[in-house]
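One structure below.
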Amino acid sequence: MVNMKASMFLTFAGLVLLFVACYASESEKKEFPKEMLSSIFAVDNDFKQEERDCAGYMRECKEKLCCSGYVCSSRWKWCVLPAPWRR
């Protein structure tokens, strides 16, 4: 009974290590969170209201400056609300 528990534990631990190793090698190739969030917040051209001189909330701020009340996130390059920990 103890041998079966130990072998199941070792098998499970091996599978977890294999998963972590595969994920680490894939994450070097892809920036999954950034791609996923960009696709979630992507705006279709049909839904755009108007072009402005500044970028609003959750808009890309690479070329445009953010509107007043927003700051450009250094990590995601989107206009976000300023927060004490971002200053």
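In case you wondered, yes, glycine gets a Cβ from its N, Cα and C as well.
As recorded in Swiss-Prot:
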type	residues	note
DISULFID	C54-C67	disulfide bond
DISULFID	C61-C72	disulfide bond
DISULFID	C66-C79	disulfide bond
SIGNAL	1-24	signal peptide
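Packing against the signal peptide (1-24) from elsewhere in the chain is no residue: none 6 or more residues past its ends has a CB under 8 Å from a CB in it. It is 8 Å from the Cα atom of C67 (disulfide bond) to that of C79 (disulfide bond).
The two recorded residues, C66 (disulfide bond) and C54 (disulfide bond), have Cα atoms 5 Å apart. Annotated pair C54 (disulfide bond) and C72 (disulfide bond), C-alpha to C-alpha distance, rounded: 11 Å.
A straight line from the CA of C72 (disulfide bond) to the CA of C79 (disulfide bond) spans 5 Å. Counting in whole angstrom, C61 (disulfide bond) lies 6 from C79 (disulfide bond) by their C-alpha atoms. The Cβ of C79 (disulfide bond) has A55, G56, Y57, M58, R59, C61, C66, C67, Y70, V71, C72, S73 as same-chain neighbours under 8 Å, each 6 or more residues away in sequence. Note on the disulfide-bonded residues C54, C61, C72: the fewest other CB atoms within 10 A surround the CB of C54. Other Cβ atoms within 10 Å of the Cβ of C66 (disulfide bond) number 19 in total over all chains.
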